[in-house]
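Listed features, source TrEMBL:
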- 1-27: region 'Disordered' (REGION)
- 11-26: compositional bias 'Basic and acidic residues' (COMPBIAS)
- 73-119: domain 'B box-type' (DOMAIN)
- 129-165: domain 'B box-type' (DOMAIN)
- 192-266: coiled coil (COILED)
- 337-440: repeat 'Filamin' (REPEAT)
Amino acid sequence: MLSGVTLEGGGARRGEGRPSRTELKPRSLQSQIGILCPVCDAQVDLPMGGVKALTIDHLAVNDVMLESLRGEGQGLVCDLCNDREVEKRCQTCKANLCHFCCQAHRRQKKTTYHTMVDLKDLKGYSRIGKPILCPVHPAEELRLFCEFCDRPVCRDCVVGEHREHPCDFTSNVIHKHGDSVRELLKGTQPHVEALEEALAQIHIMNSALQKRVEAVAADVRTFSEGYIKAIEEHRDKLLKQLEDIRAQKENSLQLQKAQLEQLLADMRTGVEFTEHLLTSGSDLEILITKGVVVERLRKLNKVQYSARPGVNDKIRFCPQEKAGQCHGYEIYGTINTKELDPAKCVLQGEDLHRAREKQTASFTLLCKDAAGEIMGRGGDNVQVAIVPKDKKDSPVRTVVQDNKDGTYYISYTPKEPGVYTVWVCIKEQHVQGSPFTVTVRRKHRPHSGVFHCCTFCSSGGQKTARCACGGTMPGGYLGCGHGHKGHPGHPHWSCCGKFNEKSECTWTGGQSAPRSLLRTVAL
């Protein structure tokens, strides 16, 4: 039983009448300045207590002591007198002793039966660390863990500053806190493999870029042999442009490589340190270092990075493209780094959303790159599908004509009226506006009448001739005449009254305009 703490069922519980947890305020050290870790460049907030208040790496202290022991104890001094070299170690007190203090240790009644081990016999040990003492109460060993303050405490801390805090023995809480660290570690380990793979891709892409640049440079040199001085000058210009492209792409790859290498190093450091802590550290050591490790792993897990190379090797030499004149010679050959972007390609044409059955309709695909500039070349794999909405298993045959200038002429002939869905894809990606629908109407109906200025003129003055506009003339004329009642004031069709000469006839055969009279109208 600890003062102020009762241990029941292996856990520590507070007494009755304690204040609520929300009223408890843990002591915290306010950061004033940040320092950089020399290994991973991570910023660490320096507590108010300075460097001495930073979390101690007890695993490292143990490793240093082991190395010293393996080196015949050079540099180790007695823990009691702090003067003579160490010869033995008390396994009970975990203290390194010189020959004089070892004899005194055996003469004392309390330590007579302590186990003493020669220094040379400790070389095969993996753990020889000293008991971890409380920084507030140096005479007490840290054996408990305060859940509220999230740090190890000693027995005197529990009965003092942490009296009302939930505390338990480190052996009882290590499972919960160790599992949380392991879960974070599981989330961090895959990033190491992903970063290694990304760096491998960077290396492959860098090699591909170098090979591609060399291949294009060879093409440029071969093409430049025909024009002597003018072509040689043009060749040098192209090679400089190519070198600039290579330098730009390689710089981008090197920058991405450096960033990924640094991130990988940070990840490895975090993973290796955490694995070492979890496999070699004691329960108390894990709990002491847990806060720093968890914070570091969380930050690493939030880092955003791209596992794919930031540039590509899309460099083409186009010997057929005009490059202007040099010393009066028409020269050809340009370097093209444009890459077609389906999202920037647009569809154009009057028949884009309308068509007639059994009549050829067409539209144009204009290809552009990511910057919105016209590609200016052909050769792309354009896929077009036109399918009736109600008959998806009966697609319409389409024809794609490559105009070799970055445009494609697409034509089709629908057999039936209805609504059709049109897909236009490049590199298995939809272009801008795709998919879309097109309404196919019935075949164009021709006019059965005449396109005239008035019935009087077109019929030669016949009184019985009529017109769909509904106009009449005095004197018993059933058709329209200029300036008379009902005349629309525009040339129009006698059968349906439309003003557009190339329009479709909409006459439905009603009684308002007798068909027999309309047919008799003639110029």
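Including glycine, each Cβ sits where the backbone N, Cα and C put it.
Here the repeat 'Filamin' (337-440) is broken down by DSSP into helix, strand and coil counts: 3 helix, 51 strand, 50 coil. Helix, strand and coil content of the domain 'B box-type' (73-119), in residues and according to DSSP, is 10 helix, 11 strand, 26 coil. Each residue of the domain 'B box-type' (129-165) gets a DSSP state, and the totals for helix, strand and coil are 5 helix, 8 strand, 24 coil.
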